[in-house]
There are 2 protein chains.
Amino acid sequence: MLCSSSPPSGLLEKVFQYIDLHQDEFVQTLKEWVAIESDSVQPVPRLRQELFRMMTLTADKLRHLGAGVESVDLGSQQMPDGQSLPIPPIILAELGNDPKKPTVCFYGHLDVQPAQKDDGWLTDPYTLTEVDGKLYGRGATDNKGPVLAWINAVGAFRALKQDLPVNIKFILEGMEEAGSVALEELIRREKDHFFSSVDYIVISDNLWISQKKPALTYGTRGNCYFMVEVKCRDQDFHSGTFGGILNEPMADLVALLGSLVDSSGHILIPGIYDQMAPLTEEEKTMYRNTDLDLEEYQKSSQVEKFLFDTKEELLMHLWRYPSLSIHGIEGAFDEPGTKTVIPGRVIGKFSIRLVPHMNLSVVEKQVKQHLEAVFTKRNSFNKMAVSMVLGLHPWTANINDSQYLAAKRAIKTVFGVDPDMIQDGSTIPIAKLFQDITQKSVMMLPLGAVDDGEHSQNEKINRWNYIQGSKLFAAFFLELSKLHS
Amino acid sequence: MLCSSSPPSGLLEKVFQYIDLHQDEFVQTLKEWVAIESDSVQPVPRLRQELFRMMTLTADKLRHLGAGVESVDLGSQQMPDGQSLPIPPIILAELGNDPKKPTVCFYGHLDVQPAQKDDGWLTDPYTLTEVDGKLYGRGATDNKGPVLAWINAVGAFRALKQDLPVNIKFILEGMEEAGSVALEELIRREKDHFFSSVDYIVISDNLWISQKKPALTYGTRGNCYFMVEVKCRDQDFHSGTFGGILNEPMADLVALLGSLVDSSGHILIPGIYDQMAPLTEEEKTMYRNTDLDLEEYQKSSQVEKFLFDTKEELLMHLWRYPSLSIHGIEGAFDEPGTKTVIPGRVIGKFSIRLVPHMNLSVVEKQVKQHLEAVFTKRNSFNKMAVSMVLGLHPWTANINDSQYLAAKRAIKTVFGVDPDMIQDGSTIPIAKLFQDITQKSVMMLPLGAVDDGEHSQNEKINRWNYIQGSKLFAAFFLELSKLHS
């Protein structure tokens, strides 16, 4: 564990002691939260009920802290298959409204990606399990752990009967992994109400680039998610009875998906790189200064070899170049075994991570034109339909805002080091949303280590990160208050 | 309904009357059989139990007919993932051993392909449901209906206390859809025992080429099933955190699968057509004489357009040319929704339908060499592994055998027409197995109509086909006996 470089103030020391003394209790609460299968990705009524349960539990927790809590009802959403599913409420909460203090609003999400034991988890994904200081469970790092760390920090001040150095607001949602349905509308509606008194917005929904060294994030890539359907008929075929006389939808789809990206990761869609912001010398310097041990990163990622051999190239391909990933196929044979089926209708799924200054509707047009051209060349009798089902902008912040300075100081106090100034290859669309709509300063202050495995099997958060994270947030409140006074 | 061209004999007339009078009872028995989820494809203990239940029910039914029944224990099989699953027994049964009569052995299978309501079934796949004379249910036509039709025919003679014109044997298995595990070994073992007295082997496990006109089948394609695994690591990745710096396994796999077949159905694996038997003039004539309305076939198959415009080309591509179908991918994202995952390890599944005189081990070598060449060119850091997990030979019979003549006459009696002499594009490996090992005459006598949809959603057998099929088998017994005397 790293030591603090300068001793914390008397109050902060007390808060740190409180957090250390109560760490088992904090882990227990995280365990209760992880136990709820709040999966927003699979559109299933049972899981939506779990999401509602998660939101209610959280609202109660915030009320217990003394916050004023509103659970905003968001109605329901119509799924492509016609079913209607209720959307979990968004929680708006506030604690303190002293006009002399800065007001910082914390955004977090309580939904998770799908997880099943037999996906390859070593422990039950919904039973938080500690092994060697690592807390394994779905949502442990994305994003239940960080949300609780913030609550723990606030709770420590309250438990010690200490005045909070800042006014605190919360906006917590349950649909982040499914594209933050209805969030944008709510932010717009609350722009001049809930957000009018907010000075800073903090998001803690990404990871460090290191296993040990903290980071501050000032940019994220966007994402646009495509579905390409190829259909011969609704029913499947027997491959003996029809094999040889059909344009098989899987053959068409594989050709379409195979036309998207080459083996070096280069996207083959014409024009896709045209809008990308030019690379500056200043940027190059920043990449050079970022602390990343490429071999160590490769090893900790359990990857034989990345596509690039230098730290700078790697970071640029994660942060400032677009990437295209093929996620899978719906409608084909996906079970173990040897089914001899010709799927009648298949949907390929892929997405493109966007960087400044790529424009969503231009990318959508380029992708559709490209796929239509490839499909036309095949002279297939099947029907193809392409749709962009999610479109999320990239985001970049001004790293000279006060809260970035406060966060740097808090990191120095708690971890004894200066943070890596990083971007994030993944998409946290609300960063961009908050920035665009509220015009407030938005910062991402991650707690999780690079090997936490969000979205993957065996997701975890280190107990150390979770507990030090609570301290970091407490220190951040004080630094921000000092900068304001 | 078509009329008989020549009136059946007095005995046969009685049998036909009996069958017509008892048709609801026969449908009820089929309903009980369909209700058992005897899925051999998914290697799951619960389904294996259902298979055992199916075999026990059938053995009891045959005992009730007066047959001597042996259920041959086949031990268990080791799955690739290490689990051990019990293999359902094979039923050997016999009824009559008069040396003056010919002995005909009926092969059938009682296992089915996987089916779930939400695959797109309009009714529950395991509840036989009659709509407009069509009996919908998994296994209705493949192969529970035809097995029961044979039992119904035998049962009609027994119920009328009439001497059976032939000695009857049964060999019924429960692993056909999973590659007839252990069947070959049993046939070899019983070659000089159970099969020594057998003159003819009848299989009724395929379909007519028409909705109304019966057929006799003298050949089937083989099949070899391949799995190609591409692995980066066991865990999945987040496409934001790793997109752009990895050789993504899905991109590799899509390129591999895309290299197999072109959009006109032509297989791109070098050398694959070299071993194929040359096309003869005699063959061409046979295709020309086959009764197939291409437009009607297209329509009933709900296909916009087949790859070929003439009947002859279509039949040749179904029967005498190999075909390659891509079935699906295991390990990628296959659910509804928008998961932003980079699958860490994926398995592509495809199979090639083989025709005379393609050799399994040559094809295996060609496929592996081709995929290895494509993969090498990609310079990917992932690992690729190709395996042929099923290999089944094609089969052709001598259509001048007595049982083909008897069957033609029986078809004329029951349906009033000469049958289409056809081959089958799908693989019924035991035709080849029986022929090679027992050296007996093997015939395929299908009952199902072309639109029955075996292996697909909404599989059905027409009530008419099922009931007339029972009569056809009864008439076949008499014709075979006449030819022998």
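Each residue, glycine too, has its Cβ placed from N, Cα and C.
Feature annotation from TrEMBL assigns active site to A:Asp111. The annotation active site, proton acceptor is assigned in TrEMBL to A:Glu176. The Mn(2+) 2 binding site annotation in TrEMBL covers A:His109, A:Asp142, A:Asp205. According to TrEMBL, the Mn(2+) 1 binding site annotation covers A:Asp142, A:Glu177, A:His455. Residues or ranges marked as domain 'Peptidase M20 dimerisation' in TrEMBL: A:219-374. The site 'Important for catalytic activity' annotation in TrEMBL covers A:His238.
Known features from TrEMBL, placed on the structure.
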residue	record	Cβ within 10 Å
A:His109	Mn(2+) 2 binding site	27
A:Asp111	active site	26
A:Asp142	Mn(2+) 2 binding site	27
A:Glu176	active site, proton acceptor	24
A:Glu177	Mn(2+) 1 binding site	24
A:Asp205	Mn(2+) 2 binding site	26
A:His238	site 'Important for catalytic activity'	22
A:His455	Mn(2+) 1 binding site	26
Intermolecular Cβ proximity, recorded positions A:Asp111, A:Asp205, A:His455 versus chain B, under 8 Å: A:His455
Spatial separation of A:Asp205 (Mn(2+) 2 binding site) from A:Asp111 (active site) - C-alpha basis, Å: 12
Entries of A:His109, A:Asp205, A:His238 which, being recorded positions, have CA atoms within 10 angstroms of A:Glu177 (Mn(2+) 1 binding site): A:His109
A:Asp142 (Mn(2+) 2 binding site) versus recorded positions A:Glu176, A:His238, A:His455 - nearest by Cα: A:His455
Cα separation, A:Asp205 (Mn(2+) 2 binding site) to A:His455 (Mn(2+) 1 binding site) (Å, whole number): 12
Cα-Cα distance linking the residue listed as 'active site, proton acceptor' and A:His238 (site 'Important for catalytic activity'), given in Å to the nearest integer: 40
Segment confidence, the domain 'Peptidase M20 dimerisation' (A:219-374), expressed as mean pLDDT: 94
Between the residue listed as 'active site, proton acceptor' and A:His109 (Mn(2+) 2 binding site): CA-CA distance (Å): 6
Rounded inter-Cα distance in Å - A:Asp205 (Mn(2+) 2 binding site), A:Glu176 (active site, proton acceptor): 10
